[in-house]
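> Feature annotation from TrEMBL assigns transmembrane segment to 12-31. According to TrEMBL, the domain 'FAD-binding FR-type' annotation covers 43-147. What TrEMBL records for 97, 98, 113, 115, 122, 123, 164 is FAD binding site.
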């Protein structure tokens, strides 16, 4: 009798363990099956259809590409980029990296804001693109990785079209209600008309006044300009960005001469290599 009761007890425990295991497996399956899979392939180019092209200025346009389904996400980690493949003016293949201004919270599509240069090889391809055309894209690419709260604050230095990865990181931080990271941005351009994403940046500054500060710098400012003038200086960095500390990081992205100058400024101001990242 005691042996039978013991066997029953063991059997009940075995059944309970089996049920728990099935439940855990079901939970894992439910989570993984409901997690959105990205639309990118890091090894092979995939085709995405251009559904909208909006001219923002004489040499800047916003390109909107459809993802495979209305509920698809691009699947690009914060701060990383994609490779776009096209043809230059003589028909030769060209591949260049770009950072979308959209996030995975923007479902069904992704957008690129492109500044098209007169002699740019990939610029030619974008200029020639029409709604209905397809762009070959591969990714994700990039060394940057971010987890909410990994630093207390980011200082950011952007020049020209180098704003796109900076904008993407800032937007992801600010739109995450659980992320309390603060963002301080210096954005440099030649003229006022060269400023990309200005409406979006100003809106972010208005919506998150305690977490996002932006300081514009122009080399050739208009008469009524109240921002920075000339090139980004060490004094501007001291005044606008967080001082060196173990819990801050400075991100920079711009033309090569600017990147070189900013690296020298940061070194002189005491920012260690660990505190700096260049896209």
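Every residue number used here counts from 1 along the chain in the order it is shown.
Cβ atoms are placed via backbone N, Cα and C, with glycine included.
Automatic, uncurated: that is what TrEMBL annotation is.
Because the structure is a prediction, the values reported are computed rather than measured.
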> Applying the rule Cβ within 8 Å of the centroid of the Cβ atoms of 97, 98, 113, 115, 122, 123, 164, what extra residues of the same chain belong around the FAD site?
84, 96, 112, 114, 126, 161
> Taking 97, 98, 113, 115, 122, 123, 164 as the record's FAD-binding set, what's the max Cα pairwise distance in Å, rounded to a whole number?
17
> Tell me the Cβ neighbour count for residue 98 (FAD binding site), meaning other Cβ atoms within 10 Å of its Cβ, over all protein chains shown.
21
> Sorted by position, what residues of the same chain at least six away from residue 115 (FAD binding site) have a C-beta under 8 A from it?
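Same-chain residues close to residue 115 (FAD binding site) (Cβ under 8 Å, separated by 6 or more) are 59, 60, 123, 160, 161, 196.
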> Counting only other Cβ atoms and using a 10 Å cut-off, which of the binding-site residues 123, 164 scores lowest?
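Checked 123, 164; of these binding-site residues, fewest Cβ neighbours within 10 Å: 123.
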> Report the same-chain neighbours of residue 113 (FAD binding site): residues 6+ apart in sequence with Cβ closer than 8 Å to its Cβ, ordered by sequence.
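In sequence order, the residues whose Cβ lies under 8 Å from that of residue 113 (FAD binding site) (at least 6 apart) are 56, 60, 61, 62, 63, 101, 161, 164, 196, 197.
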